[in-house]
Amino acid sequence: MNEKHPGPLVVSGKLSDGERMKSESNFLRGTIAEDLNNGLTGGFSGDNFLLIRFHGMYQQDDRDIRAERAEQKLEPRHAMMLRCRLPGGIITPQQWLGIDKFAADNTLYGSIRITNRQTFQFHGILKGNVKPAHQLLNELGLDALATANDVNRNVLCTSNPVESALHQEAYEWAKKISEHLLPRTRAYAEIWLDAEKVATTDEEPILGATYLPRKFKTTVVIPPQNDVDLHANDLNFVAVADKGKLIGFNVLVGGGLSIAHGDKNTYPRKASEFGYIPLKHTLAIAEAVVTTQRDWGNRTDRKNAKTKYTLERVGVETFKAEVEKRAGVSFSAIKPYQFIGRGDRIGWVKGVDKKWHLTLFVENGRLLDYPGRSLKTGVAEIAKIHQGDFRLTANQNLIVAGVPEKDKARIEALAREHGLMDDNVTSQRENSMACVSFPTCPLAMAEAERFLPEFVTRVEGILQQHGLADEHIVLRVTGCPNGCGRALLAEVGLVGKAVGRYNLHLGGNREGTRIPRMYRENITADEILLITDQLVGRWAKERHVDEGFGDFVIRAGVIAPVIDSARDFYDVQEAM
């Protein structure tokens, strides 16, 4: 293969139906406004089913009762999931109280779901409540524009409460990047906010009239923490600081985890290093990467349309050279950086600004009032007295940030009263994560969020049995191969295959810089636990000092590392 130009810059052939849908949508309007008034169905029909995703929503239904409703000759119980745009995950207590009330009053489930893309989702919004939801967000100074479909999604930023000045600078860049890459269409304001329709023609100078070939994800990362999982993202700006001040970014392009079962033309891929840029070129480089992918990405096959496949097709150097040409900027050599972990620092930490920051562990990011643990109410009670801000993390947790010394005891008392602080939560539970999956996700093949808590309890038992109760394995479960749970960057990753069955992947690492290989296909939870027990037993006896589980299974020859995922991800290279 010739790296310089291994494949065509543009894939010719019949465009996918998604491209037709976008081109006929009148800049994302479709007939959504008319569909809103159709009371004969609880859902959106035709192209609108997909177009609403550009407006931050997915049409879902309760899969637990789908068969029952079909027997009764009823349509599925349609409801929307709405995802807020929240670059860097920062939200004020006043905004939080607004979304807390809406979730209680206007959703079927009454919960707020913190996601691993640093925002929140409402699940179960009936069609009649969709417009009020967007209007509420607008009143709070928020929106849901471009949190789904073929656009640049919510921009992540490392949740680093300690280095407060550096975090603030990085966060400001996350916001700027998000705003710069937003769709320019007035469709969102017209449909949801009753903005006046103007006669001017819409233009999309960056995204183009048919937007991007596929979803596009961006992060701003502050080493040594890789909490945002940069290798799951298309475009990454890794902060480079000098004396605590941000001076530029290392740029990495082309990460992504989504695959399709049985299709070896799909694979996860780590992001490639392009080089270093000073701060002043950040937006130019972001735009150039996006427009290159816009023009070169595969619009004939959505399964092969993401940036990672474009890089493999045209070659990293060819793509990089085009970005430099479009931006009028040359990359310098990558500056040194390293990652030491991805987990959140649960509990109190003191920042360099002398303020305190409390990271609350929220299992699977689901804030709801449970018997004896009124989590959602607890966060609302804290919001009523907190003078700083809240930060949603890429690990689905919540940081109460900027707490002065005088308020610390009162906030901790509220957190403990409502079950938001629990000294008995293990390191293993804190380092486990799942996507939503059943009952609301239409793509779910196996349980994830509802499956994980009890599964972790059994893994905790295995660790304790082998004398490793204080240890942890980065464990992730994703309900389908689209990979929202980021299982393909875990030490142990479970990818849903069918109800009660998963593909088991081993050999990622704690830092999130290695993709795990499939060890067993289509097996049950009991089979996974049996394998885990055997391997943890070996890890306990044979590991080196501070050696993580993922590093151990590679060194011990249990499984071979994925070196070049485009070529070796599907190789069966099991050693013992």
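Using the three backbone atoms N, Cα and C, a Cβ is placed for every residue, glycine included.
Other Cβ atoms within 10 Å of the Cβ of CYS480 ([4Fe-4S] cluster binding site), summed over all protein chains shown, number 23. Under the heading [4Fe-4S] cluster binding site, Swiss-Prot lists CYS435, CYS441, CYS480, CYS484, citing sequence analysis as support.
Residues or ranges marked as siroheme binding site in Swiss-Prot (evidence: sequence analysis): CYS484. For the recorded site, CYS484 ([4Fe-4S] cluster binding site), the DSSP three-state label reads coil. Within the same chain, the residues at least 6 positions away from CYS484 ([4Fe-4S] cluster binding site) whose Cβ sits under 8 Å from its Cβ are ASN116, CYS435, VAL436, THR478, listed in sequence order.
What surrounds the [4Fe-4S] cluster site, by Cβ distance within 8 Å of the Cβ centroid and not counting CYS435, CYS441, CYS480, CYS484, is the set VAL436, SER437, LEU443, ALA444, ALA448, THR478, GLY479, ASN482, GLY483, GLY485, GLY496 from the same chain. Residue with the densest Cβ environment among the binding-site residues CYS435, CYS441: CYS435, by other Cβ atoms within 10 Å.
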